[in-house]
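Per TrEMBL, these features apply:
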{"type": "TRANSMEM", "residues": "A:82-104", "note": "transmembrane segment"}
{"type": "TRANSMEM", "residues": "A:124-143", "note": "transmembrane segment"}
{"type": "TRANSMEM", "residues": "A:175-196", "note": "transmembrane segment"}
{"type": "TRANSMEM", "residues": "A:208-226", "note": "transmembrane segment"}
{"type": "TRANSMEM", "residues": "A:238-258", "note": "transmembrane segment"}
{"type": "TRANSMEM", "residues": "A:270-288", "note": "transmembrane segment"}
{"type": "TRANSMEM", "residues": "A:308-327", "note": "transmembrane segment"}
């Protein structure tokens, strides 16, 4: 045991405390004081610095403890519920995004068969993806738990396979669609996370799910009608404005419906959606100049490696940041709950306990 | 079938088998039991103790404040004792099989009971 006076002892203790700070708070709360006692008891007389072996051992075990906490955090029931819910909601969104151009084309072709359809082209890949996402959605609501992921991943692959060819011709369009591609990847990954059967349905509830699905279908129908009315000339402005309002109002209704899920699931949903927001912002603001240059030049300008790196790193960093903020937020909530519990048990801590 | 215990876990359970001990006591006892061959560090000791508590093999016996510092004593549970006994049986069977075969092959086993 160390015995080189209070100064050296205090210095060693301070240094060990710095090392122990690497542990997650759950571990520190349970063992920090005890571990410190053992470390100091095991130190040599006059020792001022932690032994290298002890320092390495503390760093390694602290890292393992942190990984353990992170692993427990991502395998809890709330994550499974959030992943299933995110998978279902993103499948609805993907159905909407894929059906939108198809519906517009079909409306145009049926309403104006003699006219040349400006953006009509047979796109088997689009039909395939739309069909796969629709089946994924159906499976997520009614099917066995392994089926949605089995349908979602082929839809992602069909999308990814087409990217290189499209990028060679029109890199800006591919970049503008990158958020949609990422939505597909996150949707498939979320549906792959093991969760109880129909977990998303249990979280959202039938009424909320019907609201979200109904609003999405209504916006889709409104878009088709708007498309029909806009050709060949300006349609009824009041009607067009009413249809135009469908989208923001519908988005608001869906947002409110999703916001009312349990708080733990809602926080995790937000974390899962951060990479999508990050990609949208990167493309919108970080690569706006590059997109503008592409429009001005007569030939495609491709992304530089650093731009690719930004496009990859930013969403990953957003996900990690979101995860860390979530852990901190929930840690704060736990501490607040503990404080309230203590307050309830001892409402007047300054007063001596009453004799029984 | 239960998984074999790792050596630090086995030695920590052994150290606690006879009487409750505090962390530093376990550290010292493990050194003694292993003839100074295994020198546990605090990080490893508390990682194992935390896991053993979670699995219900070890529990807190009592807490003391010594020189303004918390000293917590741990004791082995019935489940922990059973797990340790199972491991002792497994090791004994393995050791017996190894020494029997060595003896049959004509080797002299130094320090063993072959």
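From the backbone N, Cα and C atoms, a Cβ is placed for every residue, glycine too.
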Does the transmembrane segment (A:270-288) reach the transmembrane segment (A:208-226) with at least 3 CB pairs under 8 A, where each pair is 6 or more residues apart?
-> no
In the same chain, which residue numbers or ranges, 6 or more beyond the ends of the transmembrane segment (A:208-226), come under 8 angstroms Cβ to Cβ?
-> 88-89, 92-93, 95-96, 99-100, 103-104, 106-107, 141, 201, 240, 243-244, 246-247, 250, 253-254, 257-258, 260-261
Cβ contacts under 8 Å made by the transmembrane segment (A:308-327) with residues that lie 6+ beyond its boundaries | 70, 73, 175, 178, 182, 267-268, 270-271, 274-279, 281-283, 286-287
